[in-house]
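Now, the feature entries from TrEMBL:
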type	residues	note
DOMAIN	9-148	domain '2-C-methyl-D-erythritol 2,4-cyclodiphosphate synthase'
BINDING	15, 17, 50	divalent metal cation binding site
BINDING	15, 16, 17, 42, 43, 64, 65, 66	4-CDP-2-C-methyl-D-erythritol 2-phosphate binding site
SITE	42	site 'Transition state stabilizer'
SITE	141	site 'Transition state stabilizer'
Ligand SMILES: [Zn+2]
């Protein structure tokens, strides 16, 4: 078994939330305008940031965000998910890695997210210290299979800062 730290590590995360009327829909730190329903969640329900934070943690085998932000803890109710992402990023940086590029897939039937692609990429890039061109953002629909859900999947490539 090698004891040398790997120069690169890949991380993967996913998340899903049920959607209900009268709640805000936030994806990648960007409020989605004209959403008729939003995520039912303990925090602000940003499924893109939750999957991204889990991807960062998984790349270094650090578990998942539920361990750091239990959804039973009253102090995390209504939490801005950028706090969750910042914590995951800190843990990654403390171990000598930084994200190099990210691929996000959002599955949502309504509304269409295409017009928000560059804003979401720009926001995620800013939060991660990357250029927008290093953040891929893809949108899918469930083809009516899960119209009351938002689902996200994220892969991230981590690189050693001393490499
Ligand atoms: Zn979530």
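The backbone N, Cα and C atoms fix where each Cβ goes, glycine too.
Predicted automatically and left uncurated, TrEMBL annotations should be read as such.
Features as recorded by TrEMBL, highlighted on the structure.
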{"residue": "15", "record": "divalent metal cation binding site", "contacts (Cβ under 8 Å, 6+ apart)": "47, 48, 50, 51, 54, 151, 152"}
{"residue": "16", "record": "4-CDP-2-C-methyl-D-erythritol 2-phosphate binding site", "contacts (Cβ under 8 Å, 6+ apart)": "47, 149, 150, 151, 152"}
{"residue": "17", "record": "divalent metal cation binding site", "contacts (Cβ under 8 Å, 6+ apart)": "39, 40, 41, 45, 47, 149, 150"}
{"residue": "42", "record": "4-CDP-2-C-methyl-D-erythritol 2-phosphate binding site", "contacts (Cβ under 8 Å, 6+ apart)": "71, 76, 77, 79"}
{"residue": "43", "record": "4-CDP-2-C-methyl-D-erythritol 2-phosphate binding site", "contacts (Cβ under 8 Å, 6+ apart)": "50, 69, 71, 76, 77, 78, 79, 80, 81, 84"}
{"residue": "64", "record": "4-CDP-2-C-methyl-D-erythritol 2-phosphate binding site", "contacts (Cβ under 8 Å, 6+ apart)": "13, 54, 57, 58"}
{"residue": "65", "record": "4-CDP-2-C-methyl-D-erythritol 2-phosphate binding site", "contacts (Cβ under 8 Å, 6+ apart)": "50, 53, 54, 57, 84, 88"}
{"residue": "66", "record": "4-CDP-2-C-methyl-D-erythritol 2-phosphate binding site", "contacts (Cβ under 8 Å, 6+ apart)": "none"}
{"residue": "141", "record": "site 'Transition state stabilizer'", "contacts (Cβ under 8 Å, 6+ apart)": "107, 108, 109"}
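Residue counts for the domain '2-C-methyl-D-erythritol 2,4-cyclodiphosphate synthase' (9-148) under DSSP, split into helix (H, G, I), strand (E, B) and coil, are 52 helix, 35 strand, 53 coil. Contact annotation for binding-site residues (15, 16, 50, 65) versus ligand 1: 15, 50, each with CB under 6 Å from a ligand atom. Cβ atoms within 8 Å of the centroid of the Cβ atoms of 15, 16, 17, 42, 43, 64, 65, 66 (the 4-CDP-2-C-methyl-D-erythritol 2-phosphate site) belong to the same-chain residues 41, 47, 50, 54, 71, site residues excluded.
Within 10 Å of the C-beta of residue 50 (divalent metal cation binding site) we count 29 further C-beta atoms, all protein chains included.
Take 15, 16, 17, 42, 43, 64, 65, 66, the residues named in the record as contacts for 4-CDP-2-C-methyl-D-erythritol 2-phosphate: the widest Cα to Cα gap among them comes to 16 Å.
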